[in-house]
Amino acid sequence: MSSPTELAAWQALTAHQQEMASVSMTSLFENDAHRAEKYCAHAAGWTLDYAKNRANDKTLSLLTELAKEAGLESAIKGMFSGAHINNTEDRSVLHIALRASQAQETLMVDGVNVLAEVRATLKQMEQFVAQLHSGEWKGYSGKTITDVVSIGIGGSYLGPKVVAEALTPYKKDGIKVHFVANIDGSDITGKLKQLNPETTVFVISSKTFGTLETLSNANAARDWFLSNGGSQDNVSKHFAAVSSNVKKAVDFGMAEENIFPMWDWVGGRYSLWSAIGLPVAIAVGMDNFYALLDGAHQMDEHFRTAPFEENLPVIMGALGVWYINFHNAQTHALIPYDHYLRAMPAHIQQLDMESNGKANLLNGDGVATDTGPIIWGGAGTNGQHAYHQLLHQGTRLVPVDFIAPLTSHNPIGEHHVHLIANCLSQSQALMVGKTLEQAKQELRDAGASEDQVEAVAPHKVIQGNRPSNTLFTDKMTPATVGALIALYEHRTFVQGTIWGINSFDQWGVELGKVLGTDIYNRLVSNSDNSALDASTQALIKAFKKAQP
Ligand SMILES: O=P(O)(O)OC[C@H]1O[C@H](O)[C@H](O)[C@@H](O)[C@@H]1O
């Protein structure tokens, strides 16, 4: 596809943005008694209230038209049929196959029924999880396993960690699941201190089995195991792997039956639904893992079949484009009002920024528009006492997604009512703001002198008219958590399709890895560094000087 700026809907939106510039969201509500119910959509246990956006019927119809002109309908068909939509790697993009309904028996891709492979792997996971939970799986000294440590990084780490945390109320007793990712030795050292090698199983999650951080931590775990009573013959009782590189995992010491396959049609950041999600399945049980997959599948079906006007990923994706490209928004915040979902913004950050942080169209030409925004956020209400100041009064426009369950897993006292009251009031405050007159009156009512009123009132003005979506569900369950993450996966795809970029490769991370190896070699040798830039030379020198 060529640049989206050439599309008729893009040009119409550019003109429409001018029309909307002086229209406040509050006036949109005043002029349409049905706005709240109209600007509301439902899918897979979630409701999206998108009424608090700088958008009217025309905006939404132009945005929907833009998605159509950009070819989103055929892109969706392409994804679901296994077309090689990841064009730079010539691969299908099939995370949707990992959660396909059991009723579907075949999905033929390049002559292979991928669903048969997916189902066989799920069965393998079932057995593994059952053996761990029943106590049938014993460590080398005959003791029952009490701890599982997942070692991975990027997509082979963050998604499972975030979902396992989100599903804390569903955790099964007996086995504690830990995650290690960083090559900073403090990460694994801290974890190993709490563990007994006789009762610990490590799951090494790496699609390539070639990632520096993961292999370094896997080797450190094996060394620890071997120097604390374990033997080479027993490595297979304490180490399993999830990887598409079986040979490397076998060479490490894994038994072939403890290696769970991955496929090149699953991108790392989309892989938590595969055996990469094994730590989740161990933490919450296979029944809950299946419920997670089913929730995601419900969202897939909605995305595949719902008209764009009612389609949550399309609405959210298109509204994001509206702000990024027509209002110059540089970032997008996700604020879950749910303690267990507190790390979700980090997962969506990885998902979205690794997918849409691109500057080339599918055909290789440079883009003419901004693409993926900076995704950030954190748990409400904590953020209200920190960065919300900037959301309300800063100079930047930051569209926000508020995410909340209507009921709590821990309904103590008035906590949940307050939590939700805060969530709703934040989106309200962002929209309505506070005028100078209101600020003055507030100060007068509090007994301030006229001098104080004049001096302080401008600082209390809140511009308002700042957009947000509110996503809510009855309860955070495996199914609703699965649907929520699938929603953001598809939103990312919608935006990538509108921008005409490939959301499924990640060439940008490679250069740092190559240079990292080069610098490593320089740090451990007496190489001639004079050809390097002066800053890097000085930093290498400082490192070497500090070594004992
Ligand atoms: O699963 P692995 O092969 O170890 O890869 C782990 C991660 O590393 C890479 O650098 C990619 O940027 C990620 O997309 C990937 O998830």
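Every residue number used here counts from 1 along the chain in the order it is shown.
Every residue gets a Cβ built from N, Cα and C, even glycine.
Just so you know, TrEMBL annotations never went through curation; they're auto-generated.
According to TrEMBL:
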ACT_SITE  GLU354  active site, proton donor
ACT_SITE  HIS385  active site
ACT_SITE  LYS513  active site
Cβ neighbour count (10 Å, all chains) around LYS513 (active site) is 10
Around the Cβ of HIS385 (active site), other Cβ atoms found within 10 Å total 8
Taking only the CA atoms, the spacing between HIS385 (active site) and GLU354 (active site, proton donor), expressed in whole angstrom, is 29
Here the Cα-Cα span from LYS513 (active site) to GLU354 (active site, proton donor), rounded to a whole number of angstrom, reaches 15
All chains considered, the count of other Cβ atoms within 10 Å of the Cβ of GLU354 (active site, proton donor) is 22
